[in-house]
Amino acid sequence: MNAIACLTQQHRDCDAILAQAEQAVRNGDWTSAGRTCLRLGTDLEQHFQLEEQQLFPAFEAATGMYSGPTAVMRNEHQEIRLLLQDMDDALLATDANAWLGHAETLLILIQQHNMKEENILYPMCSQHIAGFEQMVMAGASA
Amino acid sequence: MSQAWLSYDAAPPLRLPASFFAAGLLWLLALGCLLLPADMPTANRYHPQLVALTHALALGVLGNIMSGALLQMLAVASAVPASRAATLLLGIFLPWQAGTALLVGGFWFGFAPLALQAAAVLLCAAILRLAWHGLSGLAGSPARDASSRGMALALLALLITALLGLGLVLTLSGLLPLPLMPLLHSHVLWAAMGWLFLLLLAVSQTVIPMFLITPPYPAWMLSTGRAVLLLLLACSLALFFWPDQLWLTAGLLLIPVVLYAVQSWRLLRQSRRPADPLWWQWQGVMAWLLLGGVTAWLCSRWTEWPNLPLLAGLWWLGGVGLGATLAMLGKILPFLAWLHLKRLNPPRGLLPSTHGFLPESAQRRVRLLHQLWLLAGTLWCWQPGRFHGLFALSTLALAAYALWQGGKIARRYRAVQDAVSTAATH
């Protein structure tokens, strides 16, 4: 598996966990939903850390673009974190309608965010960052 | 480094896609209003009223929603910026509405040549501008995914459809001595299989796996779009030079349709989000795709039953086209409203989720009304004289409900916008 495939797989894994949490909420299984949401938050944060701490700085250094696409991606990461908080609040209140609404918003936000990364940013990172493959593989296995 | 990449975050302002979406729903209402006084006694695909109604649906309803969604998707998925919204509205939206209105009116009033010629010029200008925006942007974009490549093919097919339409209008007006029927059938094939099917193929390869969490489409699906374009060329040649062999090339065109529908069904069965209303809507789209495709192919062999082309058109445009566009509108519009309000940095708790703009129950009702509309339409294709009132009323009901929901989204949007402004001043 190359670096882009590895990063893309991390996206897909998080999608699958979100879907699992959604199913649990729809079934009224709040215990399972809580566990799955915790896993989702951890996995997403791990992925964001790899991007924000390693990938984006390397891209910015290689291209000189500090306020371009990486700034947009960081901003969207922040929005995703806020939505995760909203979902946590709904989870604590066992409010299924609120949770499902925030989860759908998160899903669409994540999907359009992933599209930008997978279609545009990752190929550009692969093109401009020396040692891109090693950086991602080391970060993913950390 | 391309300009598209530098303008990475240049997503269109909300008014650009929203104008197209609103116009699409208003055209659906206009379709219902046109159906009310329609007096076509028996099925006849060449009846002026039917040609007018078909173009109101294809260009007014579907063309608007597809163009708005395409501009949005080009910006988000393919880094083709649409920052100059006013220019695009002026160059695409306005001539599209004026051209469609003139075309529908021209057909309705017995193929009025001046109206048709003006319509053809306006629509060709709008389509040229859209195709230039998309194709030149895609050429400079670093995106090479299935959807980006598919959208380029669909735009190319749209351009050919428009040129064939222009040829038809000039032939009908006596300004060009081209063979009318091969031109007409080619126009229909490029519109239905080129523009509509290729765009569906392109968009669904991103939308189905991402929104419904399914495995990705297999790699061979990438080449399906190119194969469809080649088959369309073969069909057009057959129509002009070997019209008796059309059933064979049209039959070959059925192969990608069936392969795509079966593959999509297989993926939908593996979806991890089957409770989402979108799942049922895409299931329906695939069913109508097969029904419409087979019926259209039968039209090339079986000419005894004049209702068949009407059914093929209804199931393809109304079942597949309207089904898919309504399904996607239900996801795109609430999210765009949320996204644009989010950029105003609202205080925590003020911004509703996408369900706060459009609940799942409303999406299910749209689906139900759409199915009832198709049932009424099927009856109308069978006996137009008897069921036109029912079809008109079901069209008006579907349009009114969709517009009401659209209005609710707009009101909620403005209310949150005002609340954010008030919060910012205190």
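Every residue number used here counts from 1 along the chain in the order it is shown.
Every residue, even glycine, has its Cβ placed from backbone N, Cα and C.
According to TrEMBL, the feature transmembrane segment maps to B:20-38, B:50-76, B:88-108, B:114-132, B:153-176, B:188-213, B:225-242, B:248-268, B:280-303, B:315-339, B:388-404.
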Distal contacts, the transmembrane segment (B:153-176) - CB-CB under 8 A, six or more residues away: 70, 111, 113, 116-117, 119-121, 123-124, 127-128, 130-131, 134-135, 183-184, 186-187, 190-191, 193-195, 198-199, 202, 225-226, 228-229, 232
Cβ-Cβ under 8 Å with the transmembrane segment (B:315-339): same-chain residues at least 6 beyond its ends: 14, 17-18, 21, 24, 54, 57-58, 61-62, 65-66, 69, 72, 192, 196-197, 200, 203-204, 207, 211, 277-278, 281-282, 284-285, 287-289, 291-293, 295-296, 351-358, 362-363, 366-367, 370, 373-374, 377-378, 402, 406, 409, 412-413
Cβ-Cβ under 8 Å with the transmembrane segment (B:50-76): same-chain residues at least 6 beyond its ends: 10-12, 16-21, 23-25, 27-28, 30-31, 34-35, 38, 40, 44, 82, 88, 92, 96-97, 99-100, 103-105, 107-108, 111, 123, 130, 133-134, 137-138, 147, 151, 154-155, 191, 195-196, 199, 203, 206, 310, 313, 317-318, 321-322, 325, 328-329, 332, 336
The transmembrane segment (B:188-213) in contact with the transmembrane segment (B:225-242), cutoff 8 A, at least 3 CB pairs, sep 6+: yes
Beyond the flanks of the transmembrane segment (B:388-404) by at least 6 residues, Cβ under 8 Å: 25-26, 28-29, 31-33, 35-36, 38-40, 326, 329, 365-366, 369-370, 372-373, 375-377, 379-380
Beyond the flanks of the transmembrane segment (B:280-303) by at least 6 residues, Cβ under 8 Å: 192, 200, 204, 208, 212, 246-247, 250-251, 253-254, 257-258, 260-261, 264-265, 268, 309, 311-312, 315-316, 318-320, 323-324, 326-327, 330, 363, 367, 370-371, 374
